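First the structure, in the form of structure tokens, and then the observations on it.
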Amino acid sequence: MVRLWCGKLRLWKPYLALATQSRNSWFCSGGGAPSHHLHILKKYGSSEITEMINRYKRNVAGHTLTQNSMVGQYKTTVSPSVAQNVTIETFDSLCIQGNWREAVEVLDYLENKGYAMDLIRLLGLAKLCGKPEALEAARVVHECIIALVSPCDVGARNAIIEMYSGCCSVDDALKVFEEMPEWNSGTLCVMMRCFVNNGYGEEAIDLFTRFKEEGNKPNGEIFNQVFSTCTLTGDVKEGSLQFQAMYREYGIVPSMEHYHSVTKMLATSGHLDEALNFVERMPMEPSVDVWETLMNLSRVHGDVELGDRCAELVEKLDATRLDKVSSAGLVATKASDFVKKEPSTRSEPYFYSTFRPVDSSHPQMNIIYETLMSLRSQLKEMGYVPDTRYYRSLIMAMENKEQIFGYREEIAVVESLLKSKPRSAITLLTNIRIVGDCHDMMKLMSVITGRDMIKRDAKIYHLFKNGVCRCNNLW
């Protein structure tokens with residue numbers, strides 16, 4: 001255990017540790033055990049902990065009403081005929097399939113029937129609900145987990161914060177963090193990562209500063225998260241100072257992961273010469289991840305020569321990282337990335353659809369293309385010109401800038417516009433890093449359509465609103 005975040009509570013005797021062992025023996029016992037333990041805590045002057053436990057007991061007593069209220073907001077649709085066959089195995093099967101919607105419905109049904117879901121299953125469901133479209137379901141799972149664990153269960157609350165981070169709900173995550181009676185270094189990293197992934201880099205640095213001011217000693221994991229934060233904010237100076245302080249002030253020897261993070265921080269901000277010099281001065285042989293990162297970011301910033309040089313090193317260290325397209329293009333890819341996927345037919349705005357402009361199999365191809373042409377015309381009027389330096393190899397062989405538009409995520413944007421409610425936000429998910437040209441284009445599209453556009457790439461969320469991205473053009 002570490003000192004509590006509020007800076008007031010500490011561990012008195014072994015009784016608080018005893019309280020964390022069993023929810024039934026401490027908080028929910030029908031006998032005199034709780035009163036006995038409370039008497040001991042009062043004897044040693046722990047009035048704050050006594051109040052915390054009393055508050056928790058009141059929460060447990062009102063759990064049924066609270067949870068039913070939350071679940072009631074999430075409409076369940078288990079039909080009577082299906083309900084007869086619903087078991088815990090049904091819940092497990094849905095979780096394995098990744099079907100979080102029906103899993104939450106089954107969870108509600110089972111708990112109404114008196115079945116107490118165990119913590120392991122709830123944490124597994126929490127991982128499935130860590131996505132923007134599952135926010136309401138995530139809140140239901142949150143209530144179920146909190147009702148099951150003690151106030152001092154740090155791991156469960158870390159998982160809840162991680163879940164809300166994936167849901168793009170920083171407010172919910174921060175509320176959980178601030179209400180935690182105690183935490184550990186993993187909690188700090190999870191909360192900082194939540195800030196960073198959702199575009200709040202400055203808040204993450206403020207949290208780290210607050211951590212040190214409380215007299216805590218950061219470890220290597222926390223420093224690595226600090227470097228990731230500085231990558232987002234573009235604060236190379238702060239990141240460099242923290243890298244030096246890591247060894248000089250705290251005696252932490254940098255690992256390969258730390259060198260990789262600092263390389264990415266320098267290269268992301270366009271300091272390619274400094275990044276190359278940093279890599280060449282490493283006291284160990286740079287890993288393939290380091291060279292691959294420098295390769296990708298060199299091409300992002302237009303230094304094709306350095307990118308090609310790094311690509312040669314990547315190929316020597318791990319030839320599987322590259323193929324014919326990635327060795328001549330922007331980022332390393334896998335063969336599975338080019339497998340044609342079935343067009344999405346979901347009605348909600350949270351989806352990512354990929355298909356070529358020549359793909360006539362999509363049922364709405366005509367109206368999508370008409371909308372695409374209209375948006376393209378408005379983009380031209382606003383001065384948008386496709387930046388061909390980001391597209392080489394097969395795309396450049398077309399010798400037509402107009403076709404570049406349809407070879408990226410923009411068709412998915414158009415499909416989302418057509419299928420979502422007016423003025424509602426659009427969320428796009430992808431497993432590759434967004435390129436500068438697409439980033440500029442989506443800022444303009446947020447102005448044209450009047451929509452907030454959230455794009456989750458391989459690392460962070462980009463929120464495009466009124467022509468501005470929350471990442472401040474640093475990612």
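Positions of Cβ are set from backbone N, Cα and C atoms, glycine also.
Checking the ranges 9-39, 226-256, 288-318, 350-380 against Swiss-Prot, the region 'Type E(+) motif' annotation falls on 350-380. Secondary structure of the repeat 'PPR 2' (118-148) per DSSP (helix as H, G, I; strand as E, B; remaining residues coil): 27 helix, 0 strand, 4 coil.
Long-range contacts of the repeat 'PPR 5' (219-254) within the same chain, counting only residues at least 6 positions beyond its ends with a Cβ under 8 Å from a Cβ of the stretch, are 185-186, 188-189, 192-193, 195-196, 199, 201-202, 204-205, 208, 211, 261-262, 264-266, 268-269, 271, 460, 471-472, 474-475. For the repeat 'PPR 6' (255-285), residue counts in helix, strand and coil come to 22 helix, 0 strand, 9 coil, using DSSP.
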